[in-house]
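What follows is a set of notes on a single structure, which appears directly below.
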Amino acid sequence: MAIEQDEIGKIAELARIRIAEEQIGEVTQRITEILGMVDQLQAADTAGVEPMANPLDATQRLREDEVTEINRREAFQAIAPAVENGLYLVPKVIE
Amino acid sequence: MHNQTVAQLAQGLRDKAFSSVELTQAYLQRISEHDATFNAFITVDEDSALATARTADLRLASGDADALTGIPVAHKDIFCTEGLRTSCGSKMLDNFVPPYNATVIKRFNEAGAVMLGKTNLDEFAMGSSNENSYYGAVKNPWNPDLVPGGSSGGSAAAVAARMAPAATGTDTGGSIRQPAAFCGITGLKPTYGRVSRLGMIAYASSLDQGGPLARTAEDCALLLNVMAGHDPLDSTSSDTPVEDYTAALGDRLEGLRIGLPREYFGDGLDGATGTCIQAALKELEAQGAELVDISLPSSSLTIPAYYIIAPAEASTNLSRFDGVRYGHRCEDPADLHDLYTRTREEGFGDEVKRRILVGTYALSAGYYDAYYKKAQQARRLISNDFRLALEQVDVIAGPTTPGPAFALGAKSDDPVAMYLEDVYTLAVNLAGLPGMSVPAGLADGKPVGLQLIGRHFAEARLLNVAHRFQQATDWHTLSPATGGAA
Amino acid sequence: MQWETVIGLEVHLQLATQSKIFSGSPIAFGAEPNTQASAVDLAMPGMLPVLNAEAVRMAVMFGLGIDAEIGMRSVFDRKNYFYPDLPKGYQISQFSDPIVGKGEFEIQLEDGSTRQIGITRAHLEEDAGKSLHEDFHGMTGIDLNRAGTPLLEIVSEPDIRSAAEAVAYLKALHSLVTYLGISDGNMAEGSMRCDINISLRPQGQAEYGTRAEIKNVNSFRFVERAIRHEVERQSDILEDGGKVVQETRLYDADRDETRPMRSKEVANDYRYFPEPDLLPIVIDEAYVAAIRDTLPELPTAKRHRFMDQYGLSAYDANVLADSRELADYYETVVSACGDAKIAANWVQVELLGQLNKAELAINASPVSATDLGGLIVRILDNSISGKIAKQVFEAMWQGEGSADEVIDARGLKQVSDSGALEAMVDDVIANNSAQVEQYLAADEGKRKKLVGFFVGQVMKVSKGQANPQMVNQLLAKKLG
C-alpha cells in the first residue's frame, strides 16, 4: 500500500516525531517499501482465527494489595532534565 | 585464560589456578587492547568490575560460591544497571543512569558474577547488523569489514573476540541467535517468559526475551541457570519450575526426532551455508537422531506478521521517551509540542523512527484490522504450525540465517533487505519458543549457525542436543584470527 | 420547540485499595509531590505493571452490586496519547473486554419516584498524574503521585433526562460504592469524578442530537450547574438554527460556565490495542461466588425493606438508607426504642440536623444510637414530653450522659402525680379569673382555643414538666 506524504505527516504527529521537511520524501519512500512487504499478509486467510497477543496464551497473576514502594524521589529526580520543588517541569500546558 | 570456557574458568577459580581479580584484569586488558577495533562495548567500568571480583574472591575463599561466582560477564546495554549508564544504543538514553537493576542483573550480582561492562547494540534492539547504534557499528571479530549481526552484536563480538567469556543478550526476532551465528558462538533465546523482562528496556513486549551468549552450550546452560526463573514483578514471567540446565547436557541422542522444515531449506538459503547445515544434521543423525521432513506452511506470513507486531508494540513502548522525566530533552522547547517532537526527532535514530512510524500506522484508526489484528491472527497460524510440528518431532533444526555475515554498509540503506535477514529466526519469537544457534561450520571462512528450536520450556533439550553436537565437532572452538589460536 | 435533554455519565471512581493498580506505591491523599511515584509509576525504562488483586475484587463487587454481567475474561488495552501527566504515553485501560458488562440500578428522585438507569459497562484503569499550572517561570509542574491510582470507570446509558436525575444517579452511585466499601467516595479529594455527555433532541425524536462532553466535574452541585448551563447553551444554539459541535468542554466553577478545552481538541486516535505487558484476567464462578457471599445488603434493597418493615415513606427510607452507617444507626435506635417512625423522625430531624451543623459524620456522633433509643423510650413511657426530650437530647449531645442520667440530674421527669397537678391547676384558675370568665362565656368552638392558655400557664408553673394529657383532663373537669 502506497502511503502519501501528508499521511506520513499525520502518523509522525501521532507519534510526536518531527520529520525535517527535506527528509519527508525519503521517509515516505522507506515506509512505503516496508508496508509493501508487510502487505503480503493481506493474502492470508485468517477468517475465524483468534488473534494471538501472548505466545503462551497465559493469564494474569494478581499481586497482593500491599504498599511495597518507598519514596525515592531524590534518586529519580536526580536524572530528570528539569525539576523544581519536587515537580517535573514542562513548557506551559494549556487545558 | 581468555580461551577457556566459563565451565573451565569456574573450575580454575575453584582450583585457585587464578583469582577472580586476575581473571577480570585479564579480560579488562583484552578489552582495552581489542575493543578499539570491534567497538563491542559502550561502557566499561573497571573499578566496579575489580571491586566485584575482590568480593567474589572472598566468597570463593570462604567456600560460599555459586557456579558463576567470580566469572566475568558482559551485559547488553539494554539491561538496566543501577548507577551505570544504560543507553540502549540510543542518544535518547546517552545520559541515563538507572536508579535500579534489571532482575537479570540482580541475579548475576547475587550469583557473584563480575560485570565487565555494557555491550553495544542496535538502538533499542532494532536491527540485524548492529549498524543502528548511536555509539557506532560493531565489527565482526572474524573480519572487521563484516557486520557482527544484531541486535546483540556487541555481546556476540565481545565473546567471539575473547573480550568476555560470556554475555547476556536479548532476542525479539533473532537478536541473540543471528549475531551468535555471524560471530561463530553459541546463543540461546529461551521460551518467552522464562527470563524476567523487568529492567530490560522493552522493544516489543510480547516477543522480547533475554538469554545467554557464550562459546558453548554448556556455558549457556550455566548462564541460563542464573537468568531463568519466575519474577513476580513481570506479569508475563512464567512460574513453570526451573530445572538445572546442565543436568541433561550429556544425554544421548538416540531416538531423538529432529524435524527439518522444508520452508527453511528453500531458494533463499545460501549454498555454502546449506552445505554446513546438512553436514551438521548428518552428525546429529550419526549420533542416533532421526531426521524428519516437516512443513511449517504459514512460514511466508512470518516476516510481514513480525514487522507489524514488533513495530506496533515498539511504537507505544517508546512513547515514554518524551524528555520529561529522564533521558534526552531538546534545548529550549518553545512549547509542549516542540518538547515532544524535537526531543524525539533528536533522540531517536532513523531505524527506530521508521519502526515507530510503521507501528503507529498499523495501529491507527482504519488500519488496525487490516494490519495489527491480521498480524496477530497470522501469529496464531504460525504458532499452530509449530505446535503441530512439535507434536511429531522433539526438536526442529535448520539454518539460523540465510547466509553468513555480510559486509558493513551492504544493507544499511535498505530496510526491507535487512528485514529479510531474519527470515528463519522471527517465527520462534512469534510462537514464544526456545531457540538456539550453534556454530556449525564456515562458509567462505565465515561462521555458520545451526538453529535448534524446541517446545515451550524445553531449553534443557536444546542445550543437550547442542552440547552433544559440540562434543563431536570443534566449530565452537574456532576463534577469529584476532582472538588468538583455538 | 420543546427540547429533551439526554445525558450519559462517565464516573471515574477511585478504588479504596492500599496500593496502586499496577505498582506497590501508596495512594494516600495530599502527599508531597512525586513522593508516591515509583519507577513503575514514572514509566522508567524496563518497568512493568503487575495487577493489584484488590482492584479486581472491587470491580467484580461493583458488578455484582448492579447485577451486571461479569467479564470472566477481561483484557487490558493501551490507550495511546501524549500528555505530560501520562508518563508512559499510554493509559492502561480496558477497551473491548471490560471486567463489568451491562447492568442497571435504581435511583430515587426528590419526589420519591424511582427510575432504572442502565449501566453500559465498568472497567478498570489507571489514573493520570496532575499538572500544576501555578507559574514556574512559565512552566507547568507535573506531580505523578496520582498516576497509577486504581479507577473504575462506570459508564451509564444515555438514560438520564435532567440535571436532577443526574444528581440522583450520582448520589445513588455514591451510596452504592460506599456501601460496598470499594471507594471512600470523597468527591472533594477527587475519589469520584464525572464526565458528562449531554445532547438535546426535539421532544419525541428517536435519534440523539450531537453531544458535548464536559470533563472532570467533581461535586454534585457542579454537576447540576454544569448541566443547566450546557442545556441552556445548546438550546440557545439550536433555537437560533445553529448546530452543536461535538467537543470536549470544561466546567469552570469560578465563572460558572462551560468552555471548550483547548488541549484535547485535535481528534485523538488512541490506537487501542491489547496491553502486551499484562495478560488476560480470567476469573471463575467460584471466585465470583465467594465475592457475592461478602456483599452487604445494598441501598436499594435496604430502602425497600425500610418501607416494608418499618412503614417508612419512600423519602424517609431514601434518607436513612443513604449510607450503611446511617442505616445501621437508625436500626439500632429502632431496636432500642421499638418505634420505627418516631426513631426515623428523631434520626432525621434532631440527629442529622445537629450532625450537619457540626459537620460531623454519623460515626462521629456524640450521641450513640442506643442512647438516642433510650431517650425515645422515655418519650414513649411519658417520662418526658417531646419538648423536654429536645432539651435532654441537647444535653446528651454536650456529653452529659444518657437520657436517664440527664433527666435525673436536671430533674426533668414529667409530673404525672394527680395531686400535685391538681394544685397547680387550681392555682392557675384562681389567679386568672378574667380568662376563666371569658372561657365560661365562650361557645364550644372558642373554648378549645382558650383552654390552650390555661395549659400554657400550668406548663410554665411546672417548668414544662407537667404531663400535658393529665393537665388537659384536669382543666376540662375543673372549668366544667
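From the backbone N, Cα and C atoms, a Cβ is placed for every residue, glycine too.
No curator has checked TrEMBL annotations; they are predicted automatically.
What TrEMBL records for B:22-463 is domain 'Amidase'. What TrEMBL lists as active site, charge relay system is B:Lys76, B:Ser151. Residues or ranges marked as active site, acyl-ester intermediate by TrEMBL: B:Ser175.
Structure with TrEMBL features highlighted.
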residue  : record                               : DSSP class
B:Lys76  : active site, charge relay system     : strand
B:Ser151 : active site, charge relay system     : coil
B:Ser175 : active site, acyl-ester intermediate : coil
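Looking just at the domain 'Amidase' (B:22-463), the mean pLDDT is 97. Proximity to chain C (Cβ-Cβ distance under 8 Å) holds for none of the active-site residues B:Lys76, B:Ser151, B:Ser175.
Rounded to a whole value, the Cα-Cα separation of the residue listed as 'active site, acyl-ester intermediate' and B:Ser151 (active site, charge relay system) is 5 Å. Here the CA atom of B:Ser151 (active site, charge relay system) lies 9 Å from the CA atom of B:Lys76 (active site, charge relay system).
The Cβ of B:Lys76 (active site, charge relay system) has 32 neighbouring Cβ atoms from other residues within 10 Å, across all protein chains displayed. In the structure as shown, the Cβ atom of B:Ser151 (active site, charge relay system) sits within 10 Å of 36 other Cβ atoms. Cβ neighbour count for B:Ser175 (active site, acyl-ester intermediate) (all protein chains, 10 Å cutoff from its Cβ): 37.
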